[in-house]
Amino acid sequence: MFVHPQFDPVAVSLGPLSIRWYGLMYLIGFAAAWLLGRYRASRPGSGWTPLQVDDLVTYMVLGVVVGGRLGYMLFYDLPAFLANPLSLVQVWQGGMSFHGGFLGVLAVVWFFGRKTGKGFWGVADFTAPLAPFGLFAGRIGNFINGELWGKATDLPWGVVFPDPRAGGVPRHPSQLYEALLEGAALFLIVWLYSSKKRQSGAVSGVFCVCYGLFRFAVELVRLPDPQLGYLAFGWLTMGQLLSLPVIVFGLWLLARRAPDQNASQ
């Protein structure tokens with residue numbers, strides 16, 4: 001059993017400016033994605049320039065932040081949004097949704113593909129290996145904040161979180177499970193898969209299937225958002241429900257892009 005260290009929510013203070021851990025983790029995730037994107041662009045035959053990566057990551061930041069916040073309010077806290085629409089811009093109060101951010105990124109991919117002539121899948125497959133860095137950093141931010149914990153457990157790595165709502169009992173550190181699976185493991189899988197030429201959309205398909213399965217599995221030991229609870233069967237969460245179409249979409253991509261077709265990465 002471990003006791004959560006109860007970090008100061010403010011990571012850095014520069015006079016009147018305070019940077020919270022969650023925001024810092026997002027910054028680290030985007031910076032890592034940018035560096036990896038530039039590395040991929042530098043490889044011979046990539047078809048990408050460093051400037052294009054700079055532009056893409058800039059648009060991605062907007063897509064993730066706007067989509068993630070809007071998705072959270074619509075999927076997880078709709079009554080609060082309807083009661084106070086201005087809560088949408090109160091990002092400092094927390095509340096970001098991967099699935100909303102995913103939709104925001106899809107919009108960016110479509111726009112950037114048209115803008116550069118690379119096409120939707122050309123941009124999507126290039127972007128897929130970059131995304132796990134942000135997912136990893138975001139989940140570490142959740143753990144530092146002591147939020148989104150799991151169910152009670154007697155496993156030796158259970159963590160006692162400081163929030164009184166956690167009941168003072170050891171719980172699954174579901175944030176770390178997600179960081180390892182949706183971040184580290186997903187990066188390794190997608191990176192290795194993308195190291196060889198694949199059919200258009202295949203890399204994106206692997207990303208969607210693996211992310212959806214990892215998220216669905218961890219949600220089994222993670223407590224649902226208190227304002228929603230379980231949606232059905234005493235275990236189905238909103239995160240699982242939203243992950244199902246992501247998995248189906250990924251499977252469709254892999255089935256649609258047959259291995260014997262011409263590679264177009």
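Backbone N, Cα and C atoms are what each Cβ position is placed from, and that goes for glycine too.
Within its own chain, the transmembrane segment (17-37) is flanked in space by residues 7, 9-11, 48, 53-54, 56-57, 60-61, 64-65, 92, 94, 126-127, 129-131, 133-138, 140-142, 144-145, which lie at least six positions past its ends and keep a Cβ under 8 Å from the stretch. The annotation transmembrane segment is assigned in Swiss-Prot to 17-37 (among others).
Residues of the same chain lying 6 or more positions beyond the ends of the transmembrane segment (56-76) and with a Cβ under 8 Å from any Cβ of it are 26, 30, 33-34, 37, 87-89, 91, 95-105, 107-108, 111-112, 123, 126-127, 134, 225, 227-228, 238, 242. Positions annotated as transmembrane segment by Swiss-Prot: 56-76 (among others).
Sequence annotations record features per position, and here Swiss-Prot assigns transmembrane segment to 92-112 (among others) based on sequence analysis. Residues 20, 22, 55-56, 59-60, 62-77, 118, 120, 123-124, 127, 131, 135, 138, 145, 147, 215, 239, 242-243, 246 of the same chain lie 6 or more positions beyond the ends of the transmembrane segment (92-112) yet place their CB under 8 Å from a CB of it.
For 117-137 (among others), the entry in Swiss-Prot reads transmembrane segment, with the evidence type sequence analysis. With a threshold of 8 Å between CB atoms, the same-chain residues lying at least 6 positions outside the transmembrane segment (117-137) that come near it are 25-26, 28-30, 32-33, 36-37, 40, 47-48, 56, 60, 64, 98, 105-106, 109-110, 178-179, 182-184, 186-187, 190-191, 194, 198, 200-204, 206-207, 211, 264-265.
Positions annotated as transmembrane segment by Swiss-Prot, on the basis of sequence analysis: 173-193 (among others). Through the fold, the transmembrane segment (173-193) approaches residues 128-129, 132-133, 135-137, 139-140, 142-143, 147-150, 157-159, 202-203, 206-207, 210-211, 214-215, 217-218, 221-223 of its own chain, all at least 6 residues removed from its boundaries and within a Cβ separation under 8 Å.
Feature annotation from Swiss-Prot assigns transmembrane segment to 201-221 (among others).
As annotated by Swiss-Prot, transmembrane segment applies to 235-255 (among others), with the evidence given as sequence analysis.
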